[in-house]
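Features of the protein shown, as given by Swiss-Prot:
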- CYS49, CYS52, CYS57, CYS74: [4Fe-4S] cluster 1 binding site (BINDING)
- CYS117, CYS120, CYS123, CYS157: [4Fe-4S] cluster 2 binding site (BINDING)
- CYS127, CYS147, CYS150, CYS153: [4Fe-4S] cluster 3 binding site (BINDING)
- 32-91: domain '4Fe-4S' (DOMAIN)
- 108-137: domain '4Fe-4S ferredoxin-type 1' (DOMAIN)
- 138-167: domain '4Fe-4S ferredoxin-type 2' (DOMAIN)
- 1-26: region 'Hydrophobic' (REGION)
Amino acid sequence: MMSLWIAIGALSTLALVSGVVLGFAARRFQVDEDPVVEQVDAILPQSQCGQCGYPGCRPYAEAVSTGGEKINKCAPGGEQVMLKLAELLAVEPQPLDGDESAAHPQRKVAFIDEANCIGCTKCIQACPVDAIIGATRAMHTVLSDLCTGCDLCVAPCPTDCIEMIPVATTTANWKWDLNTIPVKNLPN
């Protein structure tokens, strides 16, 4: 019976010492997150398209929040995202990179001409949001609800059977973005 109490005491002491060491290590080696990075990342559209030159929205948010990158590189977000970033970071709004269509982007989705698709899966590998389904040597198709219109699947296609088509605005997909409407507080 005594050996049972010794074992319980030894394991309890070991657990207590391990907890103290892990607690100290967690505090000592804690990585502090920059709250500005989190706020910038929340504003970005999270399409992970790479059109800004970064592999995703989080790396672009880190580059913008450190002050080294321009706020006008997010093509899917358009002018709305750029204005929100300018307000958050207290910098001057900048014209968007690209042509005039970048200021007011039109939602587009990928369309695969299935008759010409050879099933090489290069578009599936390029899609950052897994919006393309299919198998090797079989037809592929795009799930338009998941497609962000990033255009990354078009270039790898060896048969040029993928094109970006604009999505018609209907009552089912139209969203009134109330955050873009300027609101002024009137004095009493």
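Heads up, the Cβ atoms here are built off N, Cα and C, so glycines get one too.
Swiss-Prot feature annotations superimposed on the structure.
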| residue | record | Cβ contacts under 8 Å, 6 or more apart |
| --- | --- | --- |
| CYS49 | [4Fe-4S] cluster 1 binding site | ALA75, PRO76, PRO128, THR148, CYS150, ASP151, LEU152 |
| CYS52 | [4Fe-4S] cluster 1 binding site | TYR60, LYS73, CYS74, ALA75 |
| CYS57 | [4Fe-4S] cluster 1 binding site | ASP41, LEU44, PRO45, GLN46, SER47, GLN48 |
| CYS117 | [4Fe-4S] cluster 2 binding site | GLY134, MET139, HIS140, THR159, CYS161 |
| CYS127 | [4Fe-4S] cluster 3 binding site | LEU152, CYS153 |
| CYS147 | [4Fe-4S] cluster 3 binding site | VAL109, ALA110, VAL129, ALA131 |
| CYS157 | [4Fe-4S] cluster 2 binding site | CYS120, LYS122, CYS123 |
Fewest Cβ neighbours within 10 Å, where candidates are the binding-site residues CYS74, CYS120, CYS123, CYS153: CYS120
Beyond the flanks of the domain '4Fe-4S ferredoxin-type 1' (108-137) by 6 or more, those residues with Cβ under 8 Å of it: 47-50, 56, 143-144, 146-167
Env. residues of [4Fe-4S] cluster 3 site, Cβ within 8 Å of mean position of CYS127, CYS147, CYS150, CYS153 Cβ: CYS49, ALA110, CYS123, ALA126, PRO128, VAL129, ALA131, ILE132, VAL142, THR148, GLY149, ASP151, LEU152
Chain-mates of CYS49, CYS52, CYS57, CYS74 with C-beta within 8 Å of site centroid, [4Fe-4S] cluster 1: LEU44, PRO45, SER47, GLN48, GLY50, GLN51, TYR54, GLY56, TYR60, LYS73, ALA75, PRO76, GLY77
Local confidence of the prediction over the region 'Hydrophobic' (1-26), expressed as mean pLDDT: 94
For the [4Fe-4S] cluster 2 site built from CYS117, CYS120, CYS123, CYS157, further residues of that chain with CB within 8 A of the site's CB center: ILE112, ILE118, GLY119, THR121, LYS122, ILE124, HIS140, CYS153, PRO156, PRO158, THR159, CYS161, ILE162
Other C-beta atoms that fall within 10 angstroms of the C-beta of CYS150 ([4Fe-4S] cluster 3 binding site): 22
